[in-house]
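In what follows, a single structure is set out as structure tokens and then discussed.
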Amino acid sequence: MLSPGMQREEGFNTKMADGPDEYDTEAGCVPLLHPEEIKPQSHYNHGYGEPLGRKTHIDDYSTWDIVKATQYGIYERCRELVEAGYDVRQPDKENVTLLHWAAINNRIDLVKYYISKGAIVDQLGGDLNSTPLHWATRQGHLSMVVQLMKYGADPSLIDGEGCSCIHLAAQFGHTSIVAYLIAKGQDVDMMDQNGMTPLMWAAYRTHSVDPTRLLLTFNVSVNLGDKYHKNTALHWAVLAGNTTVISLLLEAGANVDAQNIKGESALDLAKQRKNVWMINHLQEARQAKGYDNPSFLRKLKADKDFRQKVMLGTPFLVIWLVGFIADLNIDSWLIKGLMYGGVWATVQFLSKSFFDHSMHSALPLGIYLATKFWMYVTWFFWFWNVHLNFLFIHLPFLANSVALFYNFGKSWKSDPGIIKATEEQKKKTIVELAETGSLDLSIFCSTCLIRKPVRSKHCGVCNRCIAKFDHHCPWVGNCVGAGNHRYFMGYLFFLLFMICWMIYGCISYWGLHCETTYTKDGFWTYITQIATCSPWMFWMFLNSVFHFMWVAVLLMCQMYQISCLGITTNERMNARRYKHFKVTTTSIESPFKYVHIYQFIIFPWHTKFLTKPNAAINLVNTSKRNVFFRYGNWMLNKKYFFFLAVYKKLIIPAQVCMTWHWLVYRNFRIHHLNCL
């Protein structure tokens, strides 16, 4: 049960941490209107510390007054008193109405009843002269906010401190309420009485990504200044030491050179507080925009595109230098050791100077591209003239390479299944979810502002929601989802064959150029001899073995998940988060287990099929009734592998390898999943 005293205590204490005295008295709405001192709890505040709806040891509610009964949600007692003549518009001695008490304690049934009896939905009350909607907003009661607005409550009204509901929701981090108010037409850049926008309040009061991220998604103006201090949201974030929001604002293009009424930039305020993290990030942002006349090296460091190229290019240099130094005709290992030391120093310099937070995505892609590049160089300069059969070795290698490049390009650059929505669709979705009590971050993405379909997930690297999300693969620099999963599988398959060809080429080269054999000299002698015979070839062989291991393991896992489990990598790792999975200590029971016989039928053509919320359930229900489907499961359990191609209503069984049937028949299109 909550009280006005609690409202004043938690709601509007805006004293800044570690700030100068002038900012301690001039922050936002409050310093200009001096909030009232917190009053001792009255009998109306009885039981304030107890959870909402908790009943005291008193079981006889017949003696309770209507305020206390409203606070605890005793509907029958409240109705009894109102029917006896109590005026629902009458405020108590603290100028608080029954509707306020019902709103702050989320008593929806009482709100409906009081309004039906004539309660004024926008009646001002309390020391802060707020409406019931203000009180509900402060406490984060989205369902109450929705209910009051259905009865005509005006969210744009300001309270005694000049704040409307959207400002209160932003202050206290109630992201769902902020989204709902914007979707219902509230201006995302609305200013309160002191010119503070919701973004400024979120930057100053909420030390988390939301609701700042949500406001930025709605294209809020990041460079507006408040009415009295001319502080931008970046100024307020620095004043509060809000490093999370500072990063978001800088990514959104906040002006680091904007000055407040005292001529201070955000960097000046950071220096006053001697916060090294804020100073470094703000200086980097300035240099990225060409301020401060940086040196040539600093300009390169600040250039995001150049940093990306360095991260992608470093593996090319390192792989070549390691093999080149080893292959030099120098007997002194001391000289080679010094050269390797120079390589290490170069990598250290590049990493400290140009590598940033995106290295976890850029480096694996660079390693893959560099390894493949040097493997092809090795093949064409070392193996092409070796006595390898052109028809059975070189030609299949070239054909495999074409397929590999095609599938890699599709995996890298194609749409993985990004879920898109227009501005109006986003707002409509928010309103629908809020009014049905479903505006939950487990099904609603606060970044993309969409309802996440079953099997989708928001990728933190790409910052997008992906349909049938499997994982974000750094080796292809893209998410793997509904749009490119089949290409990713093709990429793994052809890459594995390319590596096998490379290993075969290395072994053939050693057989022709090195005077040693495994059967004659034994394992260790053979290894030392081939490493000495051609260090570069041995280096390529080690790279091939390394990539063979992870590619083979990943390919087998993907095949098993698709054909046997019917789940994605994300679902397998996070099954406990999803209500539609039954997880035990030994197994994961997927609702899609009935469709796994179809996975290889539909996978190459229609991976987007299961991205619609009801599609999977419809397929499951259809499959349970389908004799053909049950027979197909029986065949799978009996270890028979049949290829089942479905075109319109034609069923074509054939005894071929089920795993890679789509490589041959990928031009087919399935129009009907219900075959019979």
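Quick reminder: no glycine exception, Cβ is built from N, Cα and C everywhere.
Caution: TrEMBL annotation is automatic and unverified by curators.
Quick caveat, the model's predicted, so the values are computed rather than measured.
According to TrEMBL, the region 'Disordered' annotation covers 1-22. According to TrEMBL, the repeat 'ANK' annotation covers 94-126, 128-160, 161-193, 194-227, 229-261. Annotation comment: TrEMBL describes 362-384, 390-408, 491-512, 545-567, 640-663 as transmembrane segment. The annotation domain 'Palmitoyltransferase DHHC' is assigned in TrEMBL to 444-575.
Mean per-residue pLDDT, taken over the repeat 'ANK' (194-227), amounts to 94. Sequence-remote contacts of a segment are chain residues at least 6 beyond its ends whose Cβ falls under 8 Å from one of its Cβ atoms, and for the transmembrane segment (362-384) they are 308, 311-316, 318-320, 323, 355, 394, 397, 401, 474-477, 498, 501-502, 505, 508-509, 536-537, 540, 543-544, 547. DSSP labels the residues of the repeat 'ANK' (194-227) in these numbers: 14 helix, 0 strand, 20 coil. Non-local neighbours of the transmembrane segment (491-512) in the same chain are 372, 375, 378-379, 382-383, 386-388, 393, 396-397, 400-401, 403-404, 407-408, 410-411, 476, 530, 533-534, 537-538, 540-541, 544-545, 547-548, 551-552, 554-555, 558, 660, 663; each lies 6+ residues outside the stretch with a CB under 8 Å from one of its CB atoms.
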